[in-house]
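Next up is a structure, given as structure tokens.
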């Protein structure tokens, strides 16, 4: 059963507009070609299991929050159900789309592209063959359209343009408002907003100017157009039927209509104009949002500053700086309390509660690509290191980063947890290895070499006491003591840069790989002497020990993965993996992908928790999983389908080729807002200057979770998580003809609990197993556990671990786990290596509940102490009136309450 994509960590926002859900508790954020849903109330994040072909640039959310329209860079749209989390319909707009917005009644939506605005019937309101039916096309602006806003009753909408004009259009056929053009600005229109239940309008331009427009007509004053002549209407319908596709009605607006055309029509007048830049400091306004009920205007600037104003008086409430990068998107939730900001430059996502001046959410991914990752022993946390010099620790259940360490001055090359799970180690090109404490969130050890060295790899032994790091430039391995922080030894012997280090989990042996085509095994107990040297045919890139320590996997530059019995220095097998990498061809490559793949290889390896399979990744969009025993490819995971990244296509797109060469060579930007479209020579990961570049797809690190239930990969896209999703797959175990749900219920009715549990596990349906186990009385658990066959003890432990994550019967399942481990502990110990993932999965589930319950108990103890303190103060005031007997009673009550609290 293959793992399914379960989440994207490490990236919280790329580009596009942020959207709050109608309840105001969740936030939709575009992350590359995927969409993440941040549940701010429950502090969780979920990435939807769907993706567009290119990066998402705009998101339209329906007023009821059930549908979303995701549109990518080329105008391809996905209609997505946020309830079922699936794609309902696909549509192509043929041109890049600038913005999309549903009407407040949910019946229509407007899409702006080029200098047009298209009004479509919203899908889902009635049964239709085509989900996107064009109603009207509006012409008017001379340049590209930028923004949309609707009136509250969905009668009209406004569209802003780069030609510095704003247009008000009628969504229906109104006699006194077909179109209206508003000027008054000297720069591109960034946003336009209608006042609540009114046609009054605010327009905001990029040069930080706000115009307030007053309309002489109320919304109720809009008059419907008289019905058309019946014969003329029929002719138009017949013409539309002759066309292959109905084009809808076209409305052509004029910037300077004649006096006759404006007679008896709606008129606008500018009543005020305000400027945000008071002291002449030029600062581009980049994003804006308006909350109609509270009249709150939020504006974001290129310098990372945002302003809060109250309209229409333009009173400044706040002016704060949240970043040093431009604010790309702003959104306000339905209550007007929370404001979301997205900064695409650093990949920041912030949710600010403006009244209390506090952060509801503050997340930021790695600025450059992630290089390394490591799982904690219980699989609850993941640590990542990036080229931006930051070390971040992520919670796998909430998908949030909860601590960032910024002590390194250069790129981080390797990260790992110690066996306790409370210490994170990181190696960097700045010449230091640092140890971070996850209790106090501080850097408590810094390991350095006698001469400055750039560290390329890192390993820590199973006890967590010995730290080893390999150098790129001096070809040496440095060994430190975690306890004292002293340098214990310097291992010399390699004749090339050290590429990888790995400690044997069961023995005191260190394996080191180098570009000198050797793998050396160093014995820690024998004064770090070289125990064995394994000679390879090519430069060695990565080594990894099997979890039981009996096998060593080695990946070399020639694309081979070899397996070694390191005790006897004998090669036990090999996999030719070069063809499985399946490289893509970059836009500027002169040779084909097939030719380029000959020089490529796997750069990261990891064994699964049971040691039966191995994960391998490299400079391609695929991660391969091999069976070690059979040495065959089991599955290839395509980690991304985002064609906004380079090296995704196997063949060059001929539509992008001209007689002068690839269109990717053409300088499109000319140094504007988006930058120049040519990367600097030799730069793969993008330079730090303001140039537009296409990042190359690659996998830098793969790791299996110690629980055996999931694996993670650091890629150009971010940190991808894949987990076993055993929800919809029928997977019986030792099934025979008598094992049916009715027979299981019959056995359960006869109170033969052990037999019923065995039968339920044979059928292997989770709901049925849960029903059977929960039917066992707590007094019978001891007897059932003792009579359970050994084969089913492991299966029951695995079920308990998964049940802890969802069930509310905490004490009942804890009794089961306790009895099983007490009665079968000795037998389980003999198979500890095989059972380790299951036990760690169980530990992870129990630990999470322990943390939640202990916080609750501490809070309750604090509340009881506070209540007692208040009651004792009041008791002292009334001491003169009370009898001694009453005092004793009060003291005995308080003692009893404290005892109960501590028991809890």
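Keep in mind that glycine also has a Cβ here, set from the backbone N, Cα and C atoms.
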Can you say which of 849-876, 877-904 is given as region 'Disordered' in TrEMBL?
877-904
In TrEMBL, which of 146-184, 185-223, 224-262, 263-301 is tagged region 'Disordered'?
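That would be 224-262, the stretch labelled region 'Disordered' in TrEMBL.
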Who are the long-range neighbours of the repeat 'WD' (363-404) in its own chain, taking Cβ under 8 Å and residues 6 or more past its ends?
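Same-chain contacts beyond the flanks: 7-13, 43-47, 346-350, 410-417, 419-421, 424, 426, 428, 430, 434, 436, 438, 441, 685-686, 695, 698, 700-701, 703-707, 709-710, 712-716, 718-719, 721, 840-841, 843-844, 847-848.
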Per-residue pLDDT averaged over the repeat 'WD' (363-404) comes to what?
90
In the repeat 'WD' (491-524), how many residues does DSSP call helix, how many strand, and how many coil?
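Within the repeat 'WD' (491-524) the tally stands at 0 helix, 19 strand, 15 coil.
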